[in-house]
């Protein structure tokens, strides 16, 4: 929604309506109760994913740093929604009027609400900026993942054996520098919806293409015959290629789910902005878009947790009704060996097998 901050400054809020006193409607009240209940489940899922990714380390530390940070930014979106919600449902009014304003993007200043009381809309502005920052962070998180795997694939043959935490933190700082700039530019409406969709679509296309290129490259490198390659392709390089391929394969399902969510969200925005549907459907489409964005952990977190067997077991164990079933079906010796010891033994076994094949 576009608002007039001053006569010359237009801001863009990631919501489609304000001053809507729908909270007096019983159906809207039931919808909000269900919506906030699902938000609570999303928060619980996100906490489980972030904590499990550190407790049961299945990826390199740098990937874990980026992974947990960008999934954790969902709480920024949650806080932004809480700050914006009173203005959407008419508990706090913009301007000294009870007039409802409804649009996601418009260039017509005559239909824009004008901010007259700045202290009362501070929460609205901060919450909107936080939501824009989260939306930009979702794209940046995917970029960080492929960049981190690219560094692991081409620049270090011993990447998995050394922490090199500075790489993970450098990726976070660089990506957040770009994200903050992008969210401020879109907040002050330097980009139209059409331009923003083109940029996001182009970036996602590059991310997906790079992801599958890395998967193909590392899988092919892992399967090369050592005796038929030059000396630069050593055991460490083959082990690194195997680790890269394993990490990428574990992320395929998560990437597919995220791309589906992005595709549906972009399609919804295009339908609303290009008026492919009747105007009376715009509110329903934009409401569905906001729910898809804010409730995405309901889809992404299970996809991530079920991609890794150890994470899946931890996820089921922490579910209210799945924990008991997990304890009944769990093998007695499943918790005898610590995860880090098991990974270390698998790594040593891998090197022994490679050394035998080298001889």
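Glycine too: its Cβ is placed from the backbone N, Cα and C atoms.
Note that the structure is predicted; figures quoted are calculated from it, not measured.
Per TrEMBL, these features apply:
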TRANSMEM  29-51  transmembrane segment
TRANSMEM  63-85  transmembrane segment
TRANSMEM  124-146  transmembrane segment
TRANSMEM  166-190  transmembrane segment
TRANSMEM  196-215  transmembrane segment
TRANSMEM  250-271  transmembrane segment
TRANSMEM  283-308  transmembrane segment
Excluding the flanking five residues on each side, which residues at least 6 beyond the ends of the transmembrane segment (283-308) place their CB within less than 8 Å of a CB in that stretch?
15-17, 35, 38-39, 41-43, 45-46, 48-49, 52, 56, 58, 71, 74, 77-78, 81, 102, 104, 135, 250-254, 256-258, 261, 264-265, 268-269, 271-272, 277, 314-315
Whether the transmembrane segment (196-215) meets the transmembrane segment (29-51): three or more C-beta pairs under 8 angstroms:
no
Take the transmembrane segment (124-146) and find every residue of the same chain, 6 or more past its ends, with a Cβ under 8 Å from one of its Cβ atoms.
11, 13-15, 18, 63, 66-67, 69-71, 73-74, 76-77, 79-84, 87, 92, 94, 171-172, 175-176, 178-180, 182-184, 186-187, 200, 203-204, 207, 210-211, 214, 251, 255, 258, 262, 293
